[in-house]
Amino acid sequence: MVEAAPAGSGPLRRTFLVPEIKSLDQYDFSRAKAAASLAWVLRAAFGGAEHVPPELWEPFYTDQYAQEHVKPPVTRLLLSAELYCRAWRQALPQLEPSPSPSALLALLARRGTVPSLPEHPVREADLKHQPILMGAHLAVIDALMVAFSFEWTKTLPGPLALSSLEHKLLFWVDTTVRRLQEKTEQEAAQRASPAAPLDGASPAQPSIRYRKDRAIARRAPCFPNVTTLQDLASGAALAATIHCYCPQLLRLEEVCLKDPMSVADSLYNLQLVQDFCASHLPRGCPLSLEDLLYVPPPLKVNLVVLLAEMYMCFEVLKPDFVQAKDLPDGHAVSPRNTETVPSQNNSGSSSPVFNFRHPLLSPGGPQSPLRGSTGSLKSSPSMSHMEALGKAWNRQLSRPLSQAVSFSTPFGLDSDVDVVMGDPVLLRSVSSDSLGPPRPVSTSSRNSAQPAPESGDLPTIEEALQIIHSAEPRLLPDGAADGSFYLHSPEGLSKPPLSPYPPEGASKPLSDRLNKAPIYISHPENPSKSSPCSTGEILKPPPPSEGSPKAVASSPAANNSEVKMTSFAERKKQLVKAEAESGLGSPTSTPVAPEALSSEMSELGARLEEKRRAIEAQKRRIEAIFAKHRQRLGKSAFLQVQPREAAGEAEEEAELGSVPGGERPAGEGQGEPSLRHKSVTFSPDLGPVPPEGLGDYNRAVSKLSAALSSLQRDMQRLTDQQQRLLAPPEAPGPAPPPAAWVIPGPATGPKAASPSPARRAPAARRSPGPGPSPTPRSPKHARPAELKLAPLTRVLTPPHDVDSLPHLRKFSPSQVPVQTRSSILLSEGTPPEEPTTKPALIEIPLASLGEPAADEEGDGSPPGAEDSLEEEASSEGEPRSGLGFFYKDEDKPEDEMAQKRASLLERQQRRVEEARRRKQWQEAEKEQKREEAARLAQEAPGLAFTTPVVASAAPVATLAPTTRAMAPAEEEVGPRRGDFTRLEYERRAQLKLMDDLDKVLRPRASGTGGPGRGGRRATRPRSGCCDDSALARSPARGLLGSRLSKVYSQSTLSLSTVANEAPNNLGVKRPTSRAPSPSGLMSPSRLPGSRERDWENGSNASSPASVPEYTGPRLYKEPSAKSNKFIIHNALSHCCLAGKVNEPQKNRILEEIEKSKANHFLILFRDSSCQFRALYTLSGETEELSRLAGYGPRTVTPAMVEGIYKYNSDRKRFTQIPAKTMSMSVDAFTIQGHLWQSKKPTTPKKGGGTPK
């Protein structure tokens, strides 16, 4: 874990591996308590961690059932009380007990620390009980720890109660930290005082090399307040305390002191504390990083004893390594002055200066861990990211960096390479990437055009960049080149610093070296080349010039596209504004801050500003997690590219921020097909980078800006087409010609990285239908830092739940082909083409499809050949041009690719022919069904013959687009699929016709008899219960289930009737009056990311009103009057009256259901526990419920209903609906509690005792 620096290497250097810790939801408090307590007592008994036998290092073992148990040797030691007595002899030899549990308990009682369980004090029998009672032994260990803490902290004043002991130790830590803060502030003031007459410094005076220590006044460390044990979780207070007593072992420069502290910062500090305790405390640190980070309540005593042991070491024993600093005597800690508070609290979240003190990836991407006195480069960020894909980040980081370096680039603040390394005692985390100002230096001179904002003022993006660039030259020696970087060693000029690459790069101008892909820190080979400056002099920044990065970043005339810098945290704000912009509007959502804060700004305003910055810091940490996740998905994009292999145009891409592979803008491949992907590397073995002028940089940015503008125009044109298609249906416009949306990918090459799956895969799932997505947000002023994120991928990524979009549920089937005439073409390095009528192929390189895309394929068929974005024909029946997926594999020869194209085109032609034949067959079916409808209508007495004919024509007409949508799906699986579809379609169409006809006939016929009794329709054969498990095994599920999980699947069967197959097809009986649940077919509510509640979607088919009818890319819900008889049958058999014991009652109720002519049945529950009481029928006219079986009120009015429920036949359970209105989607209900009599009737059939 820790490596010592070689002898003579200067300051102390440590190398940590970033730990992998358990998250809080996986952290077991009880297990952590047992592990920490056993580890402590073992170390205390054996006299230190190094003396514990190896077999007892880990007190737990895991059995074959993955259950943890205490090892038998540890159990034997605990049962014999030998372990406790040995621990007592080691810590308190003057009070040695006899080795027996009774003597130990008596001794602890005399010391005032009686171990107790929740029920009673620990007895001797509890300690001897077998199997071992771990709770009793942990109580004894806690009592031992308390007794030892009392003994070790006798010199601390106050009563000897546990809470008082805790408070005394915390007060000791807080007092030490406050005294260290005073000392640090005094030293900072002393260092800053010689720098006061900066403006009057004469250049003629003899000068020396400027050292980094002069910039210490820019920011100060933020020392934490310690009032509770939770304040120790950051590790800052403990590490600062160790530094106070052992400054030579732990330097203050190594401690991360900032506010707020991230988890990464806390882990870094806690590693320092763990390392010190393991090396210098007698019993080490038996607590894990999770224990110190989470500070759970069960480990309170363990933390107190650790503090007590530290106090004993520092204040009582005082070994040789304890050399306490000469701190001011301040037991009464002076409060922080108001001038320091904002800078300390804000320094961690608002300064644009990054400090490489923490071994974690930055929010924008991997950054280089530059540390160490020699300026050695420990690792390459690209290689570190590859290694980080394992179990932990294996980056090695050296510290302290006593020679801090400041370097910057012309990129935005969210770029991978915008790195500035600051003061030694400043913030140590890369999570402090805000746009706030640094702490202003009262006497430093700045450029007149760049005034320093006052404390607390949040500058704009451009001002923040100017602050960065204007602050850099103060660190340069007098007479050095503009872009030279220097690391000043504390040893002075006696040792020339090492250079990571040949020294001729040290004299290159700033614009020549900052605009290259790998950014390095160079060191002068000969310090005498630069003339020294006078003591305390800080050089003024040079004026903006063509070679200055400040001119590139802040000058509006840097290029003709007027680059605007925006932080990564501001991108989400642009999404809101982008919808209101059109054409080539540029989103400029920079933080709005006043020009200058008035001197009368209240303290309340300062506190609110601190809170806001803390919230922003939390938001940045979340964004860092997402950025790391995206980088992990784009593993193949981070390839190490040698700059010597790239020349000419490849260097222009380096100027644009070295966009990682897979995140290049979509338009980049058009104008510059020869650009290669490169990532920022800090490899020490690379050669010098050839110079390049500022003009090339501007030209490259202009080209990319023009490409992005062209893309945005295309996107705007497509958006306009979508808006026209969304016009009211009564006046639809003519269908536009098929417009091709070309998204060119990056040019491939030997070093080219594949596009990230996180960027390219969602684009393939875009539904062709128009959506309510905002106007495409491709900025006109495309700054280089923003080029990392392809704007088109954000526009193309759809929500997974199509059914939740309102516009996808309001269009008739005849509109669907017209609204989806726009095709999507994803090509590799292809310029935009004019719309053509020939079939368009979607070519996606296989390398760009990672595991997430591969997981979506449901079978082993050729990838994507069946998943087409195609609709067969418009409502008029004319075929449209074919469209499908074709995955381009760069490794396969062209002839094989041509064969695949030919096969795909052949399949598409077959689908068109099949659609044509199906339409002809459908016309014949229409005539046959009209005749059948007329014949059935004549059988009903006293009815007009024209009504059923007209009514029956409507459902037949709605089946036409459904048939066209089915054609592509049938060809995907061959003859078996086609035969199955045709057979089940015939069955389904006839059943639907009869159901809808019956819906028309029943209300009229019911007028001649009782409710629901008149006009009885022809009896159909009784069908069995709908078995969802059998449906899941059917070909419809196996062949369509995975297809429907894709948003763009348009060639599937109708969801509302897919389960009505003929009995001889699947061997499963199907209901004839109502379609079962189509939830097995992955309806949109079952898609990943769906947030709809059960009563808001139709996935469970608990009622006729919730069954959707699938008509291509749009899902809408069509209410019908089908019966829920079989849903109730399913509910009674599997939920309400399941099992043998309820079988007689269930059979009686099912017989009543079969006798009844009602359409809608409802179950009465006793209460919300869903206990079956009775079965009711719903009258559609009076909305009253009539009891059919069971016991309960004979009639139930809507006012008596308390709650209504809907049955989910897939999950076999009822779900309460947050409504009170009875409708066809209700399957069960409860009545108000006062309507139930206290005494239940003896049998369900008796109704005399039931409430009326």
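One is the number of the first residue shown, and numbering goes on along the chain from there.
A Cβ is built for glycine as well, from the same backbone N, Cα and C atoms used for every other residue.
Here the structure is a predicted model, which means the values were calculated and not measured.
Record features (Swiss-Prot):
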- 595-629: coiled coil (COILED)
- 696-727: coiled coil (COILED)
- 896-943: coiled coil (COILED)
- 569-580: compositional bias 'Basic and acidic residues' (COMPBIAS)
- 729-739: compositional bias 'Pro residues' (COMPBIAS)
- 887-934: compositional bias 'Basic and acidic residues' (COMPBIAS)
- 203-312: domain 'Calponin-homology (CH)' (DOMAIN)
- T184: phosphothreonine (MOD_RES)
- S193: phosphoserine (MOD_RES)
- S334: phosphoserine (MOD_RES)
- S347: phosphoserine (MOD_RES)
- S351: phosphoserine (MOD_RES)
- S368: phosphoserine (MOD_RES)
- S373: phosphoserine (MOD_RES)
- S382: phosphoserine (MOD_RES)
- S548: phosphoserine (MOD_RES)
- S683: phosphoserine (MOD_RES)
- S767: phosphoserine (MOD_RES)
- T797: phosphothreonine (MOD_RES)
- S881: phosphoserine (MOD_RES)
- S1077: phosphoserine (MOD_RES)
- 183-205: region 'Disordered' (REGION)
- 331-385: region 'Disordered' (REGION)
- 429-457: region 'Disordered' (REGION)
- 479-604: region 'Disordered' (REGION)
- 638-697: region 'Disordered' (REGION)
- 712-935: region 'Disordered' (REGION)
- 962-981: region 'Disordered' (REGION)
- 996-1030: region 'Disordered' (REGION)
- 1063-1114: region 'Disordered' (REGION)
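Neighbour counts of Cβ atoms within 10 Å were compared across the modified residues T184, S193; the minimum falls on S193. Taken through DSSP, the domain 'Calponin-homology (CH)' (203-312) splits into 64 helix, 1 strand, 45 coil. In the predicted model, residues of the domain 'Calponin-homology (CH)' (203-312) average a pLDDT of 85. Across the structure, S193 (phosphoserine) and T184 (phosphothreonine) place their CA atoms 14 angstrom apart. Secondary structure of the compositional bias 'Basic and acidic residues' (887-934) per DSSP (helix as H, G, I; strand as E, B; remaining residues coil): 41 helix, 2 strand, 5 coil.
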